[in-house]
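Visitor: Before I ask anything, here is the structure I am working with.
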Amino acid sequence: MRRKTLEIYSVELDGTKDTKQLGQEEGKKCNELDLKKSSQKEELKKELDLDDHKLTSEELEQKYGTNIIRGLSSTRAAELLARDGPNALSPPKQTPEIIKFLKQMIGGFSILLWVGAILCWIAYGIQYASNQSGSLDNVYLGVVLALVVILTGIFAYYQEAKSTNIMSSFSKMIPQEALVTRDAEKKVIPAEQLVVGDIVEIKGGDQIPADIRLLFSQGCKVDNSSLTGESEPQPRSAEFTHENPLETKNIAFYSTTCLEGTATGMVINTGDRTIIGRIASLASGVGNEKTPIATEIEHFVHIVAGVAVSIGILFFIIAVSLKYRVLDSIIFLIGIIVANVPEGLLATVTVTLSLTAKRMAKKNCLVKNLEAVETLGSTSVICSDKTGTLTQNRMTVAHLWFDSQIFTADTSESQSNQAFDQSSGTWASLSKIIALCNRAEFRPGQENVPIMKRVVVGDASETALLKFSEVILGDVMEIRKRNRKVAEIPFNSTNKFQLSIHETEDPGDPRFLMVMKGAPERILEKCSTIMINGQEQPLDKNNANAFHTAYMELGGMGERVLGFCHLYLPAHEFPENYSFDVDTMNFPTSNLCFVGLLSMIDPPRSTVPDAVAKCRSAGIKVIMVTGDHPITAKAIAKSVGIISANSETVEDIAKRCNIAVEQVNKQDARAAVVTGMELKDMTPEQLDEILANYPEIVFARTSPQQKLIIVEGCQRQNAVVAVTGDGVNDSPALKKADIGIAMGIAGSDAAKNAADMVLLDDNFASIVTGVEEGRLIFDNLKKTIAYTLTKNIAELCPFLVYIIVGLPLPIGTITILFIDLGTDIIPSIALAYEKVESDIMNRKPRHKKKDRLVNHQLAIYSYLHIGLMQALGAFLVYFTVYAQQGFWPTSLIQLRVKWEQDYVNDLEDSYGQQWTRYQRKYLEWTGYTAFFVGIMVQQIADLIIRKTRRNSIFQQGLFRNKVIWVGITSQIIVALILSCGLGSITALNFTMLRVQYWFVAVPHAILIWVYDEVRKLFLRLYPGSWWDKNMYY
């Protein structure tokens, strides 16, 4: 019996067998650190030995050393409190804020910029140590690079700091006080002081202060939705009803809410040992994987660093072989590496992601982690919770059965379009029972509030019936006044019916009306007649069969079905002054008239089916993962399109072919409904097989730990997994997923804080918007990086020519800085506003290992095609400036040594003019300015061609993205300021530049545009060709 308890309990609480086998597989590949982390997570998922729900009161007293009547003694309670600690959740070890801040300072691009800054300072140190009259340019450049990292890091840290800690949100759920019996006295004590063995009392509206084994109960119902995902209130009693502690009715769980009734129970678990405590530990113990965009940025950093170091070392060797001093060669090496660092890209990517996050916030997607913006676009699997995410999170009347027909009710948010026949006399009787046999009431003062938005005092089912009646019949409270209630038996789990007796509003009819609703089979047992078309008829075999057929059909749709009946009590037996006694039941409860059935369901949101269809066309697999019943889960999955209309499960095929499930070929089924019980017995390989072979999957009756295992299974398939949810039970999976998406309205604080994104309108359809934005930002980041990398070659070539050919330096490091952080920042960001080129929601999600942010096609095209063309254009401007001042290009070759000697003040140009060191320096700065302007003019063309990767810019529209033109204007203004307004400030290394030099590079800019248009034309003409594979980035 013991083993059975543990085995069945594990269905809902964990998947230890799965994780153990998974750990054994992964252990072969993991290092010791990974194994240590795996064992820690294993510890969180281990099984609990709990059989308190099976014990009698006497056995419980003996086990916990308490007394049901007197409670614990204060002395014993103090001892237990000292032994077990307070009834509170232990916060996990916090990462110090300084560590969080430092992580922002050295991650991704940041490390590249830090290396660049340090190399700049080293270069200056080498120059200073060797007594060279080196400028402070390298010092300034190092400082600016450091500032870029620090400012961007502060911004990113601020974004992260806005997220609150998960554990604090769990703590908010904990009740503050509890009513406890100690020393035979009732006391109100802080909930933190509860210990195992305490006898506590709860009532409607209270939060359960610990895991409690109920001893006495009176009409107690609890809301377990935050733990199990079940929409319906769960009745609680002292009876042992199920082997599984999560299913039995005699245990109430820490932090769930008592909706109505009263109960007394014994505390059996406190703090971290409670179910909620284990979920809290599991959620905070799950580590976040790297986001796809973080991986891409790391990959990009490796590419840039690899290119920079390779070129630097190559030219270091060349410089040494050309007899340069080793110290000078080291400085050249550093200069080449720094020239390859895209200084502005860190800020550009951060700002671009922030802008997209703001855009998504306007569409009800609040992004907490900036990198999650792109992750949503990479998503290939969405594991969605059912209750409150796919559904409206409110019970709604879905179908009615009367007059031997099933009618469909309007389950939309308004319920205003009820199209079923309301002319029948049977409906008149049924609607009256629905309105009267109901304890729910609207809170006063809501007359001007729409019916569906009014606050109701009552459970979910009663609320659904009240609102349904109010929409169809009008003022229900007025109907109740006219039909005064004189007696009532509330619903309880033993009787399974609710009964009330009323005076009738007909002054000519002195009879009392008894109305009853409850479990259909129980209601039918009490009836001898049935109402058909307003007339009572004997309840014969045919009518009973019609009832059973309808009941099975409605139940098969996953709906909660209620039966309704009534009886007019004879006036001579029950006169006007008759005293009804509900304890002795001095009135008949048999030979009633059956009137009809009504079924309820938590209906899907109206926008969800379309959203699921869009996910399907976008190549995204939507998996439902819920704690609800498999029949209900499957019904909702079919209604929203997660399971297609023509898809069948193995069970469906078996039923259709009238054969055993084992005889069905599993490959014939497209859909699968997997329960927690089945999942518990699966190995990781079997789970992987299901995830790989079935395109349409529903997981039902799953525990929080199993949701986590499902997410891990999807990630083993190399899927980028998004998880949606709103309950505490979803938080571990939200944390583990590549992107966690919580509901903003109905979501618990725990779910919101575990998530990377919050849907402010709780609408699954908003995810589709987020996916589109995520895919668009990936495309646009590609364009931004391509635009940024292009000028790197134009900035690098001057150093190479300076070393090999010995020309005067064409451009300085400060000038490069003004390009990267001055003229190019706004245009780079402007590309984030570019619209889609094609319907990006009709393509498959990108493969995270094949579809890279920076691939070799992008690098080659940016560096070797456009980059070299841009370098040639900039050199043309440089040579033009020197030629017009008297230095022909041939005269500049190997002139560098003489050019830089301070004591040479009579250097002759091609015309025999003599140049002093100051005049040469001024001309050199003019060359810097000209080279800068040459790059800037060509970058305008580069910016325009980057608007698209395949389409012509005329197809895309030159003026659709007006921010691009703001960027171009900013480029020109910054260049004008530097070459005109600030040209006299020598520290900036700029000079006043003649107007004609601005137009020298224009032909090259036009050539860049024409060249790229030809590339795109061939891409469109020959899709899938060699050209397409090698020239499309």
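Just so you know, glycine gets a Cβ as well, placed from its N, Cα and C.
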Visitor: Check for me whether Swiss-Prot puts D137 and V805 on a single side of the membrane.
Guide: yes
Visitor: Residues sitting near the transmembrane segment (97-117): Cβ under 8 Å, six or more positions beyond its termini, same chain?
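Guide: For the transmembrane segment (97-117), the far contacts come to 141-143, 145-146, 148-150, 152-154, 156-157, 160-161, 294, 297-298, 301, 304-305, 337-338, 341-343, 345-346, 349.
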Visitor: In the topological domain 'Cytoplasmic' (833-852), how many residues does DSSP assign to helix, to strand and to coil?
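Guide: Output for the topological domain 'Cytoplasmic' (833-852) reads 4 helix, 0 strand, 16 coil.
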Visitor: Rounded to an integer, what is the Cα-Cα distance in Å between S952 (phosphoserine) and D385 (active site, 4-aspartylphosphate intermediate)?
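Guide: Computed Cα spacing between S952 (phosphoserine) and D385 (active site, 4-aspartylphosphate intermediate) is 43 Å.
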Visitor: Reported in the order helix, strand, coil, what are the DSSP residue counts of the topological domain 'Cytoplasmic' (162-297)?
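Guide: Helix, strand, coil within the topological domain 'Cytoplasmic' (162-297): 34 helix, 49 strand, 53 coil.
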Visitor: Counting Cβ pairs closer than 8 Å, which of 782-801, 853-875, 928-947, 996-1016 has the most of them with the transmembrane segment (298-317)?
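Guide: Of the candidates 782-801, 853-875, 928-947, 996-1016, 853-875 scores highest.
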Visitor: Roughly how many Å separate the Cα of D385 (active site, 4-aspartylphosphate intermediate) from that of D730 (Mg(2+) binding site), to the nearest whole number?
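Guide: Taking the Cα atoms only, D385 (active site, 4-aspartylphosphate intermediate) lies 8 Å from D730 (Mg(2+) binding site).
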Visitor: For the topological domain 'Cytoplasmic' (1017-1033), give the DSSP counts of helix residues, strand residues and coil residues.
Guide: 11 helix, 0 strand, 6 coil
Visitor: Is the transmembrane segment (812-832) close to the transmembrane segment (996-1016), in the sense of at least 3 CB pairs under 8 angstroms with a sequence gap of 6 or more?
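Guide: Contact absent: fewer than 3 Cβ pairs fall under 8 Å.
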Visitor: Looking only at residues six or more beyond either end of the topological domain 'Lumenal' (318-329), which have a C-beta under 8 A from one in the stretch?
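Guide: Residues 126, 130, 803-804.
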Visitor: Go through D385, D730, our recorded positions, and report the one whose Cβ sees the most other Cβ atoms within 10 Å.
Guide: D730
Visitor: Sequence gap of 6 or more, Cβ distance under 8 Å, 3 or more pairs: do the transmembrane segment (962-980) and the transmembrane segment (141-161) meet that?
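Guide: With fewer than 3 qualifying Cβ pairs, these stretches do not touch.
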